[in-house]
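K.L.:
This is the feature table in Swiss-Prot:
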type	residues	note
BINDING	Asn14, Leu16, Gly41, Glu62, Asp87, Asn109	S-adenosyl-L-methionine binding site
Amino acid sequence: MQYKTKAKKSLGQNFLQDENIIRKIVQLANIKKHDIVVEIGPGLGALTRYLLSSSNNVSVVEFDASVIDTLIANCQKYGTPHIYNQDFLKFDISSLENSSNQKIKLIGNLPYNISSPILFKVIKDSDKIVDAHFMLQKEVVERIVSLPNSKSSGRLSVILQYHFDCSMILKIPPEVFYPQPKVDSAILRLKPKNSKELLKNYNFFEEIVKQSFAQRRKTLHNNLKSILKERKIDPSTLPVDTNLRAENLSVGDFVSLANFLS
């Protein structure tokens, strides 16, 4: 592996370099030859090489043009991925060569500074994917997989858990990266749910979740006061206790609340 390229702090780059960890990630992602795999932020190709050994159809989306020559050189013995030199946030998954309309597997070591926008984009593309395996800050993964009545619960966890079964499947120490980050990392698995609770208005559901967590220390009654007043709704008639905080509610509670207020 060549590591000539200097990691760019502005892009949140930390290059994965431990072969055992990389093999473990690919194994956990359960990638087969027929799978269509898209890697987000391949960097220097440490993970890409193993993906090319596992699948016949690997695409990579890399924003940083300066790493692409090194990426190609590092992958040379294993094959050539389809390279898209662009921002994943603007990438159209439908543009992939996929004549059979086969769903894809997403994987990647996500830049810490834009992990949330990427996850919200993945939500929009959830009907096109089989699953996703992302490396993120361990603290972020813990928030995403958190259960009701946890102080880690938040907008991101509720929205993601509405769409996906979310699980933390591997913890990763800082020393397996170059340069070493100051935090631990973990692998998040997202698997689209086969069936979701029906919502009358999805956008309104997102708005209710956002408003409910607007000020975490406040109760639902205080955070949703303007919405309740606008709709002339008595808080005592709601399907949830508005004296609770947002962190106390389950995804199902938020669905019931949004449907009631729609």
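Yeah, the Cβs are placed from backbone N, Cα and C, and that goes for glycine too.
Small disclaimer: the values here were computed from a predicted structure and weren't measured.
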K.L.:
With a 10 Å radius around each C-beta, find which of these binding-site residues (Glu62, Asp87) has the fewest other C-beta atoms nearby.
P.N.:
Asp87
K.L.:
What's the most sparsely packed of the binding-site residues Leu16, Gly41, Asn109, counting other C-beta atoms within 10 A?
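P.N.:
If we count Cβ atoms within 10 Å for the binding-site residues Leu16, Gly41, Asn109, the smallest count is at Leu16.
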K.L.:
Please state whether DSSP places Leu16 (S-adenosyl-L-methionine binding site) in a helix, a strand or coil.
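P.N.:
For Leu16 (S-adenosyl-L-methionine binding site) - judged by DSSP and reduced to three states - the answer is strand.
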K.L.:
Can you tell me whether DSSP puts Asn109 (S-adenosyl-L-methionine binding site) in helix, strand or coil?
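P.N.:
Note: Asn109 (S-adenosyl-L-methionine binding site) is in a strand by DSSP.
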K.L.:
By the DSSP assignment reduced to helix, strand and coil, which category contains Asp87 (S-adenosyl-L-methionine binding site)?
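P.N.:
Coil, per DSSP.
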